[in-house]
Amino acid sequence: MNNPHVVLITPDDEVLGTIDKLSAHQYAMLHRAFSVFIYRRRQDRFEILLQQRQQSKYHSGGLWTNTCCSHPTPEESVVSAAERRLYEEMGIKTTLHTVGKFHYVAVFNNGLFENELDYVLAGTYESDTIPFNQDEAQAVQWVTLAYLKQWVHDEPEQFTPWFQQALRLFIPYLESRVTDKTVS
């Protein structure tokens, strides 16, 4: 596992310093993260691009989640880091907009923790072709919002621990786009 540094923060998102990513997850240290949702409009409905995390990931392997998620490095803004990782993971270049943020904590069977202030970002992409990085994801798929809501309700164990909280922030943002002709 590549082990870059992440940004340690207070609960108010004030920077305390940096630490390597693995140590942050071993010791449950609060740090910045981001979750990206890519969407598109198809006739009268929205579709959201999901990824199934590569089985070999150090946690949550094989689970479904938002389009891309990661951590900004100390030198990057959240938006620029998210745009960089979106291209590295999914081969997608688009402008991202910040939707909101939330704090969550998760404990994994392998002894690692998530303790993250997770920024939710959104952007559009129209192509059916997603040249995703197979070291990061084992599958991707476009799903309608209605289908996704039902799937999450019926099989929550199929999704990453942060996904439902991120989705709760993303849905109002997406629904506000119904009257927006630009869909961006």
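Every residue, even glycine, has its Cβ placed from backbone N, Cα and C.
Those TrEMBL annotations? Automatic predictions, nothing curated.
TrEMBL names H25, H31, E114, E116 as Mn(2+) ligands; from the candidate set H71, H153, the record adds H71 to that same site. A C-beta separation below 8 Å, combined with a sequence spacing of at least six in one chain, links E114 (Mn(2+) binding site) to H25, A33, H59, Y104, V105, A106, F108, P161, W162. When the recorded positions H31, C69, H71, E116 are screened for a C-alpha within 10 angstroms of the C-alpha of E89 (Mg(2+) binding site), the residues that qualify, in sequence order, are C69.
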